[in-house]
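**Student:** Sharing the feature lines straight out of Swiss-Prot:
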{"type": "BINDING", "residues": "34, 87, 159, 161", "note": "Mg(2+) 1 binding site"}
{"type": "BINDING", "residues": "71, 159, 232, 234", "note": "DNA binding site"}
{"type": "BINDING", "residues": "180, 182, 234", "note": "Mg(2+) 2 binding site"}
{"type": "COMPBIAS", "residues": "355-364", "note": "compositional bias 'Basic and acidic residues'"}
{"type": "COMPBIAS", "residues": "368-380", "note": "compositional bias 'Basic residues'"}
{"type": "REGION", "residues": "1-105", "note": "region 'N-domain'"}
{"type": "REGION", "residues": "123-254", "note": "region 'I-domain'"}
{"type": "REGION", "residues": "336-344", "note": "region 'Interaction with PCNA'"}
{"type": "REGION", "residues": "351-380", "note": "region 'Disordered'"}
């Protein structure tokens, strides 16, 4: 979920902290990517029509591999150096949110069964997406694919978003790419949305700068964290009746959640029982992260390994995989120049004014009605 309604809140109250950028603006930049969020998007969009998805001969879904392969190649071709960060063990405080998600998937599964019995195609499309879950197997297969492509993988001890933010704070990467807005709450200096968008539409990258967010909102980082907790985060319930705008007003007026609780009208607003907002705050301020990771290197692709994994094991088209490998090799040679050219010629800003229509909080829900080009395997 990330932070409920934060994109709209920033668009309304801190528009200068947001700017649209072209994909190519990040040539030579190291970008930490929230892998699980990307895999989830690929499973929903790539090669999916109703309940049909891309599979290999064993009937195992390959949409995540197809999406990860194609999108990573596009990043490399643009001169971007992706670092994929995978989730570790979730914090205990997130168990309640994970239980809610499980319950919603169970409900969606029941609704899907009814839709299939009734032959309701729109409902099938709707509820089949809600049953999607990123599994350990999906993660492990994507790690294997990325390593074969020569792309670095980081395994976070806990939350991937927190690890991405830590890498960015410590100048190990330029920015963080995800769809979850809590990357900002973890303090990522630069945060990118839509970089990993898997739809066929060319959606501009939305870049946020946390320093400008704080400046525009006139808040400290501690106050911004409290604002996010009040708005609604993954770690605890929020106070019913308090949305983003009200939360911002209260934080500006009182300065902290503690002060708000002392002054709030408790007849109007019901405080959750044993509300663990302090622990949620601690998880944002002191997340379980590590900087003790192998040196980030972008190596030549393992050509034989990629053919073995994608073609022989997962039914991808060999000619397309071979051509894709050539793209990876060409992109590596191109990006090896880094951003050297930018030191010798002026760079024109590619940012464009913010368009409110692109401030949706949800991941892209576009449906791939046409067969994905270069798709591996078949549909089931």
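Sequential numbering from 1, following the chain as shown.
Here the Cβ of each residue, glycine as well, is placed from N, Cα and C on the backbone.
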**Student:** For the Mg(2+) 1 site given as 34, 87, 159, 161, which other residues of the same chain have their Cβ within 8 Å of the site's Cβ centre?
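**Tutor:** Leaving out the recorded residues gives 36, 37, 85, 156, 160, 162, 163, 164, 178, 180.
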**Student:** Given the binding-site residues 34, 71, 159, 161, 232, which lie within 10 A of residue 180 (Mg(2+) 2 binding site) by CA-CA distance?
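**Tutor:** Cα within 10 Å of residue 180 (Mg(2+) 2 binding site): 34, 161.
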**Student:** Spatial neighbours of residue 182 (Mg(2+) 2 binding site) among the binding-site residues 87, 159, 161, 234, defined as Cα within 10 A: which are they?
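**Tutor:** 161, 234, listed in sequence order.
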**Student:** If I restrict to non-local contacts, at least six residues apart, and a C-beta distance under 8 angstroms, what lies near residue 87 (Mg(2+) 1 binding site) in its own chain?
**Tutor:** 35, 36, 139, 156, 158, 159, 160
**Student:** Let's check the environment of residue 159 (Mg(2+) 1 binding site): how many other CB atoms sit within 10 Å of its CB?
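**Tutor:** Result for residue 159 (Mg(2+) 1 binding site): 29 other Cβ atoms within 10 Å.
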**Student:** Rank the binding-site residues 34, 161, 180, 182 by the number of other Cβ atoms within 10 Å of each Cβ and report the first-ranked residue.
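**Tutor:** Ranked by Cβ atoms within 10 Å, first place goes to 161.
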**Student:** Which one is closest to residue 161 (Mg(2+) 1 binding site) in space, judged by CA to CA distance, out of the binding-site residues 71, 232, 234?
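**Tutor:** The answer is 234.
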**Student:** Rounded to an integer, what is the Cα-Cα distance in Å between residue 232 (DNA binding site) and residue 34 (Mg(2+) 1 binding site)?
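**Tutor:** The Cα atom of residue 232 (DNA binding site) is 20 Å away from the Cα atom of residue 34 (Mg(2+) 1 binding site).
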**Student:** In whole Å, how far does the CA atom of residue 71 (DNA binding site) lie from that of residue 34 (Mg(2+) 1 binding site)?
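**Tutor:** Roughly 13 Å, rounded to the nearest whole number.
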**Student:** Mind telling me which of the binding-site residues 71, 232, 234 has the densest Cβ neighbourhood, counting other Cβ atoms within 10 Å?
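**Tutor:** Comparing the binding-site residues 71, 232, 234, the most crowded Cβ belongs to 234.
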